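A short worksheet on the structure shown next.
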Amino acid sequence: MNTPQDPKNALASPLASRTGSLVHAAVRSRLVWPAVALIALLVTNVVKSPNFLSIRIQDGHLFGSLIDILRNGAPIVLVALGMTLVIATRGIDLSVGAVVAISGAFALSIIGGSDNPNSMGVVLGAVAASLVFALVLGAWNGLLIAVFGIQPIIATLILMTAGRGIAMLITEGQILTVSSAPYKVIGGGYWFALPASIIIAAALFALVAILTRKTALGMLIESVGINPEASRLAGVSSRVIIFMVYTFSAVCAAIAGLMISSNITAADANSAGLWIEMDAILAVVLGGTSLAGGRYSLTGTLIGAFVIQTLTTTVYSIGIAPEITLVFKALVVIAVVLLQAPRTRAGFARLRSRKGPSVPSAPREKAIVR
Amino acid sequence: MDSAVPIVEMTGISISFPGVKALDGVDFRMFPGEVHSLMGENGAGKSTLIKALTGVYPIDAGSILLAGQPLLVTGPADSQRAGISTVYQEVNLLTNLSVAENILLGREPRRFGGIHWKEMRERAAAILHRLHLDIDPGSLLGSHSLAVQQLVAIARALDVNAKVLILDEPTSSLDVDEVAELFRVITALKREGVAILFVSHFLDQVYEIADRLTVLRNGSLVGEYRTKEILRIELVHKMIGKDIAVLTDLDTKTRNAVAETTTTIPYLAAVGLGRKGSIDPLDFAIAEGEVVGLAGLLGSGRTELARILSGIDKPDTGELKIEGRTQRLRTARMALKRRIAYSSEDRKREGIIEDLTVRDNIVLALQADRGWFRRIPRRRQDELAASYISALGIRPANPEALVRNLSGGNQQKVLLARWLAIAPRLLILDEPTRGIDVGAKAEIQRLVSNLAEEGMSVVYISAELEEVLRLSHRIVVMRDRKKVADLENDDVTVGQVMTLIASGADE
Ligand SMILES: Nc1ncnc2c1ncn2[C@@H]1O[C@H](COP(=O)(O)OP(=O)(O)OP(=O)(O)O)[C@@H](O)[C@H]1O
Ligand SMILES: [Mg+2]
C-alpha cells in the first residue's frame, strides 16, 4: 500500500499480480536511483579505504565504518520517518530541528538539575518528560494546520523560529553538559552488541511500517494527501489524521534530539539539529515520495536517509574541503532527483520502447490540457 | 462527400498499456466540414484514440496523417500548433485562476512585455458570448459549477482557429439549453470547414449533430457508418456486441415500481431548510424506498440542496428530521454515519482518489466510517471489490489497477461502488451516469431501482429528464434556487417538467 507505484506499470495483468514480479519491478524502479547512489557512495569509500566494509567485534560490541553510518544516521532516519507521513498528507514540518534542540535541552536540564544524574529513574523521567513536551509541540503544529487551516509551511515555521528560543531559555543560553551514564546509552550505548540508537530507530521504523499497513492509516494518509476534498466527502476524518502526523513527527524529532544530546552528553540550543529538517526532507524526496503528497514509501525514505548520511561521511573520508562540502552534497542530490524526474523516466521509457516492446509513457499533460 | 480528402487519417493505430491492449489496429478518418462521432462502451478506447491523435500517448504501431502529411506531435500544445484543438474528457483547468486566464492561458495578449489584461478580458468575453455564457470573465473559475467549467474548457478550444476540433464528452454535465448553444456553435464551425470529433454517450445528441460514426469495441474497430444510414438499435448492438433486451426490460420494470405507492413515513424530512446564496428555505421529504428526482437547470439549486442534505454544506435556517428525530448534520462524516451518502457530479475533484487502487477507492467510505484503527480485513476488501467490479462491470476487472488509469465511465462506476458499499439508507446521486455508456447506464438504473425496492431512499439528480422520470416516484423541480414544484410521478411528461423548469408553477 505504501510503496510508490509507477502509474503506467500499475495496471498489472492478473498474471503479473499472481507472480508479483511485474509489480515488484515497478516498485523497485522508483527506488533504483537512490539505491544506485547509495551503492556508488559506498564503493567510493571502499576504493578510498579498502577496509571500509569491515566490521570488528571489540568488547562484545560491533565497530566499523558501516556501523558508524547506521548509528550517526539514526537521528535522520527518525526525523525523516515522521516527515514522510507529514509529506504524504501534502504537508511539511520545518520545526523538527527546533524540536530536536528542545528535547535534548529539556531532558538534560532535568537530569542536570536532579540530585543524582546517574539514577535510572531520573533519566527515564527526563526522557518521558521530553517526549510529552514534544507531543505538546507537535499537537500545537497539528492544531494550527488541521483546525485553523494555516498552511503547513507557515505553521511549522513559527515553531522553527520560536523553538530555538525555547531551547535557549531551557539551557539559559549555555551549552548544558551533564554526565549521566544511563542517559549516555540512548545515543552512545550498546544493546546486544549493536549501538542502542540503531535499535531504537529500527524499532520505531518497524512499528510505523506495521502500524500503517496493518491498520488503515497508510491508505487514509495517502487518500488525504492525494485528494483532501474527495476524502472529506468520503467521511475520512482528515483533521484527525493531519493532527496525528504532525504530533508523530515531533515525537520522532524528540527521540532524535535525545540521541544527539546523549551522544555528545551536551545540549546546544543553537546547533543541535541544525539543518536536520532539510536533510530529512531531502531523504524523503530522494526516497521517491512526492512533495505534492499522496503515495509514499517508507523503504524509500530509509534509503534516502542513508544516502544523506553516507554522503556526509564520504565527504570527510575522501577529504573534500569543508568549504565545498555543501556544494558536493547538492550535486549528488540534484543528480538523483533529476534521474527520478518523470520527464527523465519517460525519456528512458521511450528509449527502451525503440528497442524492445513499447511502454507508452504516462500522460504529460499534468497541469493544463489545451 | 466520400470523394473529399480526409483532413485526418489514422491507420492501424495500436496502443497498449501493461496488461491492456487499449487500441488494436484502429483506422479512423475525419473530413473537413463534418462532425464525426466516436462511439463505444466505457473503456472501448475512444479517449485513447484521441490522445494518440494529439500525441499525449505515443503509438506503438500505425500512422497518422494530417492533411496528407505525417503528423508528428508530442503533446497537447504541439498538436494545437498543428491545428488540432482539443477538449479532453476530464476538464483540467486551473480553478484558482480567473475564467479569462483559463481561456487564454498560454496565449495571453501582451503589451509592453506584460499581459494586456483589458484585452484579455474583452477577448474572453467575446468567446463566452459566442457560447451565450453570461459570466464575468474576471471571476474565479473555481466559483462556477462543473457545467460552466466545461463550457469554459470548450471556449478555450474555440479561441484557436483550428482545422480540427476534438470534443471528448463535452456535454456530459450540460443541460439542454447549453447543449443547444454548443450545437449552434458546432454547426457554424462545420460550415467554416472545420472537422469536428464529437464523443458522447447520449445517442440523441449524436444523431442530432453527427454526420458520420466510428464504432469501437474493446479497442478494435467495428466500423464506420453514415449516421443517416444506421438505426439506433443497430448502433447500440454494434457498440455492445450483444442484444439490447436489457434496455427495454428496464422500462417496464421501473414503471412497475413507480406504480406502487410506498410507505408514508418519511425517512428524512426538512422544514424551511435554506442557506444564504445557495438555496431559499424549502421543505423536502423523502420516504423509505422512495426515489425522488430533482429536476432543474444549471444553477437552479439542485446540487446545493443535495450538499446540504448530505451534511457537506451547513444550512443557516430550517430543521432536518431523520426518522422523526431532529438531527444536525454538520459534516459529510456525520451524514455518512447516518448512512446518508452523496455522490458528487464532479468525480475528479470530489470523487475518486486517482492514485489509489480500485479496491482502495471502493472501500474508502466504509473504512473511513470504521475509523483508521479497525482496518477492513484484506479478504473482505477483496470480496467487496470483486463483487462491485462484477455488479457494475468495471473494466479492467483488476482491483489493483490505479483509478487514474481507468476510462472516465469506469471511474464513475468505481465511485458509485464506494457509496453502495456503505449500504446507504439515503443515497443522493448527482449525475450518477455521467460519462457512462448506454448498456451500463441501464444496468445502474436497474440497480438503483432494485435497491429502492429493498428500502433505500434515493435522490436522483440528472440533466437527462427521461432518466429522472423513468426512475422516480416523485419529482421535485427547482428553479432560481427555489423549489417550484413537487409532483407525484404518475404520467408526468418530459414536456410538463420542462415547462415547470423554465417558468415555474406558482404554488
Ligand atoms: N494511462 C493508462 N494506463 C493504463 N491503462 C489505460 C490508460 N489510459 C487508458 N487505459 C485503458 O485503456 C482502455 C481504454 O480507455 P479509454 O479511456 O480510451 O476509454 P473510453 O472509450 O474513452 O471510455 P469512456 O467512455 O469511459 O470514457 C481502458 O481499458 C483503460 O483502462
Ligand atoms: Mg473516454
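Any Cβ shown, glycine's included, is placed from N, Cα and C.
Per TrEMBL, the feature transmembrane segment maps to A:31-49 (among others).
According to TrEMBL, the transmembrane segment annotation covers A:69-87 (among others). Outside the transmembrane segment (A:69-87) by six or more residues, the chain places 93, 96, 100, 152, 195, 197-198, 200-201, 204-205, 208, 212, 221, 225, 245-246, 248-253, 255-257, 259-260, 273, 276-277, 279-281, 283-284, 287, 289-291, 293, 296-298, 301-302, 304-306, 308-310, 312-313 with a CB less than 8 A from a CB of the stretch.
TrEMBL lists A:94-113 (among others) with the feature transmembrane segment.
Tertiary proximity for the transmembrane segment (A:119-137) is limited to same-chain residues at least six positions away from its ends with a CB under 8 Å from its CB atoms, namely 95, 99, 102-104, 106-108, 110-111, 159, 163, 180, 182-183, 186, 247, 250-251, 253-255, 257-258. Positions annotated as transmembrane segment by TrEMBL: A:119-137 (among others).
As annotated by TrEMBL, transmembrane segment applies to A:144-170 (among others).
Outside the transmembrane segment (A:190-211) by six or more residues, the chain places 57, 60-62, 67, 70-71, 74-75, 77-78, 81, 85, 217, 252, 255, 259, 263, 298, 302 with a CB less than 8 A from a CB of the stretch. Positions annotated as transmembrane segment by TrEMBL: A:190-211 (among others).
When Cβ-Cβ distances below 8 Å are used as the criterion, the transmembrane segment (A:240-260) is approached by residues 74-76, 78-79, 81-83, 85-86, 88-89, 91, 93, 95-97, 99-104, 107, 127, 130-131, 133-135, 137-139, 141-143, 145-147, 156, 186-187, 197, 200, 204, 217, 220-221, 224, 272-273, 276 of the same chain, each at least six residues removed from its ends. Taken from TrEMBL, the feature transmembrane segment applies to A:240-260 (among others).
For A:272-291 (among others), the entry in TrEMBL reads transmembrane segment.
The transmembrane segment annotation in TrEMBL covers A:298-318 (among others). Residues 2-4, 30-31, 34-35, 37-38, 41-42, 44-45, 48-49, 52, 65, 68-70, 72-73, 76-77, 80-81, 83-84, 205, 208-209, 212, 279-280, 282-289, 325, 328-329, 332, 336 of the same chain sit 6 or more residues outside the transmembrane segment (A:298-318) yet have a Cβ under 8 Å from a Cβ within it.
Annotation source TrEMBL lists transmembrane segment at A:324-342 (among others).
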Which stretch from A:94-113, A:144-170, A:272-291, A:324-342 shares the most C-beta pairs under 8 Å with the transmembrane segment (A:31-49)? A:324-342
Compare A:94-113, A:144-170, A:272-291 by their Cβ pairs under 8 Å to the transmembrane segment (A:324-342) and return the stretch that comes out on top. A:272-291
Per the Cβ under 8 Å criterion, with at least 6 residues separating them from its ends, the transmembrane segment (A:144-170) contacts 86, 90-95, 97-99, 101-102, 104-106, 109, 137, 238-240, 242-243, 246, 267, 269-270, 272, 277
